[in-house]
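According to Swiss-Prot, the protein carries these features:
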| type | residues | note |
| --- | --- | --- |
| COMPBIAS | 1-13 | compositional bias 'Polar residues' |
| BINDING | Tyr68, Lys112, Asn523, Gly560 | ATP binding site |
| BINDING | Glu114, Asn561 | Mg(2+) 1 binding site |
| BINDING | Ser115, His116, Asn117, His118, Arg137, Gln263, Glu335, Ser336, Gln337, Ser563 | substrate binding site |
Amino acid sequence: MTVSPTSAPTQAIDTVERAATTPDEPQPFGELGLKDDEYQRIREILGRRPTDTELAMYSVMWSEHCSYKSSKVHLRYFGETTTDEMRAGMLAGIGENAGVVDIGDGWAVTFKVESHNHPSYVEPYQGAATGVGGIVRDIMAMGARPVAVMDQLRFGAADAPDTRRVLDGVVRGIGGYGNSLGLPNIGGETVFDACYAGNPLVNAMCVGVLRQEDLHMAFASGTGNKIILFGARTGLDGIGGVSVLASDTFDAENSRKKLPSVQVGDPFMEKVLIECCLELYAGGLVVGIQDLGGAGLACATSELASAGDGGMEVRLEAVPLRTAGMTPAEVLCSESQERMCAVVTPENVDAFLAVCRKWDVLATVIGEVTDGDRLRITWHGQTVVDVPPRTVAHEGPVYQRPLARPDTQDALNADSSARLPRPATGAELRATLLALLGSPHLCSRAFITEQYDRYVRGNTVLAEHADGGVLRVDETTGRGIAVSTDASGRYTMLDPYAGAQLALAEAYRNVAVTGATPVAVTNCLNFGSPEDPAVMWQFAQAVRGLADGCVALGIPVTGGNVSFYNQTGSAAILPTPVVGVLGVLDDVSRRLPTALGAEPGETLMLLGETRDEFDGSVWAQVTADHLGGLPPKVDLAREKLLAEVLRAASRDGLVSAAHDLSEGGLAQAVVEAALAGETGCRIVLPEDADPFVTLFSESAGRVLVAVPRTEESRFRSMCEARGLPAVRIGVVDQASDEVEVQGLFTVPLAELRQTSESVLPRLFG
């Protein structure tokens, strides 16, 4: 059903004039999520009570999701620690729809991660699908063509009854939306832990490519310029959606009742919207642009107006509707998907509308930029909003929430995994390898990733099973990018500062093992309730750890997202800072794959230092359901050195494959690389080393590399000259069909593959 945008109002409207003459009329501000002092502040700003529409607008824009009111005081640390040298390649940063980075030759890349956690529990398919759609529009709004997506997923225990429902819907939603858009899904993570039952994490990343001169920003300037809403019609879906769902906690009884707040996506509408936007940009028809996501038009109009040099007037009745009888507040705050808002000069309006007609995209002039400093919104000639736009979009409440290191932290850190019994014999070590590989934590993700198209558009160079996704940007020069996202809630629980740095280090290392140079960071910080001092301590520590880590590595945070209230009842999730890193390759033909066997008789070498570090490890989780102690040591200077060596080795052809060591340690890395290359190998452990520690330690800053026999001496010399530990630990044997750890055990590749690939189909197939 479509509804004429000129449908007359059918009920009395609370206008600004009426609000001024009825100061004592009760208003349901508490039901909309506003606290009493916040409501009183709105009255002070306006000099009267707000209209119903203004109240709705302030409530969504001052929500935790939109205003960052609990996190802003800590997030400032990113800007305070970013040096001019770190900013040198950044074309747009924190505060924009997405960060934009110069990658050379006139090209730029924009990338960002956002959460859609709470909607994805309430309605998994639409929650995940619209999460992809929303982050894609953020990228479109910067003037870029979206070229790839990635995802970070966290679910409850793999064998928990509700995990099947949530995982099935989320994976189908991501695949259904991304595949329909023609965007390759080039990587990510899927993690299972009981703490995410009832509160999954669905963090979607999108990457876009643009020429630097095509960069667009979100601002409304130029008196008389027109405001054009284009894309899908506006309906009731998503009323109080992500802006409210992401600002509240779940409980087991009422979560399913929130279904109407989840948006409904149409990827085919978004596909034509992408092409329409790109043609509008190419024609020079856009002054400023903003996507409509959380808080809908309330957000788009207030952000555009507050970022410009004037005011704005909007005629809300002009908005094309698909549902009859919507109130002004509903139209303003609807989170219906696949919509954009553009600022266009009067002389370009006809050309703009013509492009939209070509792509069968509905476009409507709904207002204009004014020379004042107010955002005025009318409904059939009656003023329902008259506000200073910055007070809505940027000057909401800011809280210095109490924070306190938990009383339980000392006991948690004292409970080391060192007390757990360890395997010693060859048979026990073999059984441990298979137990980890056959657990939901380390098994193959093919059951999930094969539902995504990884190679559509033809520019994917590396995807799953590689550590980082690699895309070709310029077909002539071979210039490309590498992207990775990583997180570890277990490490962050043990030490939030170090845990955030470990996530950063792993994402940085995953980009480096492709041969790329890491250049920029984005993040999505998933935590429990900000009203819990222990959670705020975790959050503050993680932010400082991430910011200090970026300084040590010399790469900037370009933007990000905060998701609070990730808890069910009073039980918070593990603190989960997701970190995305972008890298640049001069020539993607020199990228380093994960798979062994590219060269006959490759030498296997382990780069970095292995220590006895099992606290927070997958081994401790699988064998004893244990979480305690201290996370692995972080050495960011060593990570930087490791990246430099890998880049030089890739450039000079000294390494034929590389694979990051993380969960499951060396044993898991060897198995994954051998299975990817469908080739056997023989591992020879150092004589003076503890086999268990060498095989399963999760020490950071390590990489397994395959070195062509003819280059072993040169590569060793390079590592020695730079002070990077490099130990020969085996050889690739293309004639073999097994992984052998000499003197300890042997496992056929077929058994490894069956063990790894059978787990998720058994649980969720």
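Even glycines carry a Cβ here, placed using N, Cα and C.
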Select the closest residue to Ser115 (substrate binding site) from the following binding-site residues, measuring between CA atoms: Tyr68, Asn523, Gly560, Asn561.
Asn561
Which binding-site residues sit within 10 Å of Gly560 (ATP binding site) - Cα, from Glu114, Asn117, Arg137, Gln337:
Glu114
Once Tyr68, Lys112, Asn523, Gly560 are set aside, which residues in the chain still have Cβ within 8 Å of the Cβ centroid of the ATP site?
Leu75, Ile94, Val113, Glu114, Thr522, Cys524, Leu525, Val557, Gly559, Asn561, Val562
Using only C-alpha positions, which one of Tyr68, Lys112, Glu114, Asn523, Asn561 is spatially nearest Glu335 (substrate binding site)? These are the binding-site residues in the record.
Glu114
Between any two of Tyr68, Lys112, Asn523, Gly560, the residues recorded as binding ATP, what is the biggest Cα to Cα distance in Å?
17
Near Glu114 (Mg(2+) 1 binding site), which residues of its chain come within a Cβ-Cβ distance under 8 Å, counting only those 6 or more away in sequence?
Gly131, Gly134, Ile135, Asp138, Asn203, Ala204, Cys524, Asn561
Helix, strand or coil at Asn117 (substrate binding site) [DSSP, three-state]:
helix
Go through the binding-site residues Tyr68, Lys112, Asn523 and tell me which ones have a CA within 10 A of the CA of Arg137 (substrate binding site).
none
Roughly how many Å lie between the Cα atoms of Lys112 (ATP binding site) and Gln337 (substrate binding site), rounded to a whole value?
18
Around the Cβ of Gly560 (ATP binding site), how many other Cβ atoms lie within 10 Å? Please give the count over every shown protein chain.
25
Just checking, which of Ser115, Asn117, Gln337, Asn561 (binding-site residues) has the fewest C-beta atoms within 10 Å of its C-beta?
Asn561
Rounded to a whole angstrom, what is the C-alpha distance between Gln337 (substrate binding site) and Asn523 (ATP binding site)?
23
Just how many other Cβ atoms lie inside 10 Å of the Cβ on Arg137 (substrate binding site)?
26
Do me a favour and check the Cα-Cα span between Asn117 (substrate binding site) and Asn523 (ATP binding site); whole Å is fine.
15
Most Cβ neighbours inside 10 Å, all chains, among the binding-site residues Tyr68, Lys112, Glu335
Glu335
